[in-house]
Each structure stands twice: as structure tokens, then as C-alpha cells.
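> Below are the C-alpha cells for one structure; questions will follow.
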Amino acid sequence: MDEGVVGITASDWAKGIFLSIIASIIGGASKLSIRKSWLIQAEQVNQYYQHEEEEQGSLSTSNDNLLSNDNTTVEQPDLVTPPLATADATDHDEQRQRQQRQRRPSPVWFYFLRGCGMFGMSVLNPICCVLAMNYASPSILAPFSGLTLVWVILFSPLVNNEQPSGRQILACCFIIAGEVIVAIFGDHTNDEGITVAEVVLSYKKPAFIIYFVGLIIYLIVMTYWINYSESYLLRRFAWGCSGGAITGTQNFLKDSLTIVKAVAVDDQQQIHHLPWVFYVLFLSAASTAFIGLLILTACMKRYDTTYSAASFVGSFVVSASIMAAVHYNTFAGLEGVLNYILYPLGIAVLMIGVYILVRESNESYEEDESVDQQRRQQDTSSNDEDSFDSENIVGYSEFK
């Protein structure tokens, strides 16, 4: 789509970046909200089962005490037992059931948080992206989604009680520096005067077909790793990078907006309705955004916020940048040799920041996994000792 490309004014460029920053804030808040909903649900479920285990443990302890008393007491004369207090027992059972119901996780709060996150990612964020694309090129708007990671790191201590480390702060600096470089030396052109026929023709170009087929093959491999891979790292990578790659297909959303503008200004052909291709593109844009959001939500259920957001944004930036270069020929809009050097450099600096966040999350997971493994080994050894002692005690009683 090289035709009808004109330069944008400084005010339009600033409006596009401002709206993209607003979209990143909404995206960061939505991701934190979704992750918080999973944390609350997991915490309440763990507390519920912990109470159940404690009650079962107390019952087993009381039964053991009764058995020990039976072994040590002498023969007693027969006593007449009074009738059971059925009313007291019923009241006790009702009180216990009421306490169990109170301890069960209430779905209202975490469903509210999850709903807010889904609404922000599926409605508010795309609206800001559409408005931003009206003023600036996707090649400089897509990298600004990296600001989402900055908001996640900054507000994680308040929302999820996670303090950012020195590496995470360093990663935020890399991300901001990369976005500044991309904003200054990126493609400062936008599509104007594009017709509906030109939009349809752009999807028949061999470069876009190759890109789209490659993306489908990539997603098939990611799906296979998620479902069948025995490697934890491959499954983790596939969960993190699938949603961003799908959502990075911003061409459907951008071209839908282009068709709306083309129909609005087309006075010669007197088109008073939107063509069928608009509905196909809009449905594709909504479907890819929703599928990417579902994958991100499932990833946040399994992994921490830092890794999930960093992998999603990193794969989104790479996918959107490749799409913009192939579909919109953004490198043709660069003005000089310096732009050809610094624009890819800015994306590389941004990806270094994303890699630091992913690496930091991997190391923290490995530390937690080693600690959990040590605890499991200690629990296993203590259980073996307990079983050995109980066997000796049983053998001793039988010997007597």
C-alpha cells in the first residue's frame, strides 16, 4: 500500500503517540487486573483447602488419641449411656456447614477484576489504537505497546505486592529508550487517499501471503508445543509468545479504518454503504484481538505478570513490525540512511529490555522451583521417618 502515502504533521504525530500511550496504560492496568483476579482466586481456594486439611488433621489426631486411650485403659464396668442430643448435634453440623460456606471463595470479586481486564483489553484498548492509527503509522505506534511493561513494573508493588528488582528497572529504561528512538527515526507517513480497491489489492501481494502463511505455521508450532511438548521451557515460551503474535496483525484494524475513510470521502462513486470487505476485515480484527486476549489470560493463570506481559508485548512488537514492513512497506517511508540504521536499532533496544524482563522472570522461577523441590524432598524424608516409626511401634505392640 505505497500509494496515497503522505507525511503527517507534528500535531498529528503527537496525537497518535499520545493515544498509543493511553492504550498502553489501559493495557497495563488490564493485565494487572487479570493477573490479580487469578491470584485472589488461587489464594482463596488454597485457604479453603488448607482449612479442610487442618480439620481433617485435627479429626485424625483425636481418633489417634482415642485409640491410644483404648490401648492403655483397663476394663470398665458397663455403663448406661444417655440418649444422644440430636438437636445439639444438628446445630453443630449447621454451624460447621455455615463456616465452610463462608470460607469458600466468593467468585464476585475476582470475576469483577477479570471482567474489567477483559473489557479494557477488548474494548478500550482497541478504541485507542484505532484513534491512534488515524494520526500515525503502525510502524511507530506498535513499539509503544512496550510501555505496558513499564506500567506493569511500576504498579505491581501496589496491586500484586511485587517489588521491582534492579534488572526490571533497567529493562524499563531500555524499553523507554527504544521507543524514543523509534518515535524519532521511524516512518512519519500515513495513508491518505487509499481506495477500497487498493486495500483489497494489498492482500493479494506475494509478500503479504508469504508473511501470513509463515504466521500460521508459527502458530501451529506454538499450539503443538503447548499441548504436546514435554519441555517446560518450550510450553512456557509458546504460552507467552502466541497471543502477542496473533494480536500483532494490526493490518485488519488499520485497513478497516482506511475503508471507512475511503467510503466517507468517495463522492464520485456515490458509495453510501460499507463494502463487504470492511466486515471481513473488522471481523478478522475482532477475532485476532479476542483470541490473543484469551491466550494472554490463560498464560497469566499459569505464569507471573512480568513474564506473561513481557512475552506478549515482545511477540506483539515483532509481529506488528514485520507486518508493517511487509504490508505497508514502512521502510520505504524512512527519509535517510540514519533512519534505516536507528529505526531497527530502536526496536532492538526495546527487545533487549523485554528479554531482560523474561530472563529475570525465568531466574526467579528457577529459584522458586529449587526451593519447592527442596521442600518436597524434606517432606518426603519426614514422611518416610514417620512411617518407619509407626511400623516399629506396630511391630512392638504385636510382639507384646
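For all residues, glycine too, the Cβ spot is worked out from N, Cα and C.
What you are looking at is a predicted structure, and each value in this text was computed from that prediction instead of being measured.
From TrEMBL, for reference:
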- 58-73: compositional bias 'Low complexity' (COMPBIAS)
- 102-182: domain 'EamA' (DOMAIN)
- 51-102: region 'Disordered' (REGION)
- 364-400: region 'Disordered' (REGION)
- 16-34: transmembrane segment (TRANSMEM)
- 108-133: transmembrane segment (TRANSMEM)
- 139-157: transmembrane segment (TRANSMEM)
- 169-186: transmembrane segment (TRANSMEM)
- 206-226: transmembrane segment (TRANSMEM)
- 273-296: transmembrane segment (TRANSMEM)
- 308-328: transmembrane segment (TRANSMEM)
- 340-358: transmembrane segment (TRANSMEM)
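Are these features on the surface or tucked inside, and what are their neighbours?
Beyond its flanks by at least six residues, the transmembrane segment (16-34) meets 8, 113-114, 116-121, 124-125, 128-129, 131-136, 140-141, 144-152, 155-156, 159-160, 183, 296-297, 300, 305, 308-309, 312 of its own chain at Cβ-Cβ distances under 8 Å.
For the transmembrane segment (169-186), same-chain residues at least 6 beyond its ends with a Cβ under 8 Å from one of its own Cβ atoms are 17, 137, 139-140, 143-144, 146-147, 149-150, 153-154, 330, 334, 338-339, 342-343, 345-354, 356-357, 360.
Outside the transmembrane segment (308-328) by six or more residues, the chain places 1, 28, 31, 35, 137-139, 142-143, 145-146, 148-149, 152, 187, 191, 202, 205, 207-208, 210-211, 215, 237, 239-251, 254, 292, 296, 299-300, 347, 350-351, 354-355, 357-358, 361 with a CB less than 8 A from a CB of the stretch.
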> Can you tell me which of 108-133, 206-226, 273-296 gets the most C-beta pairs within less than 8 Å of the transmembrane segment (139-157)?
108-133
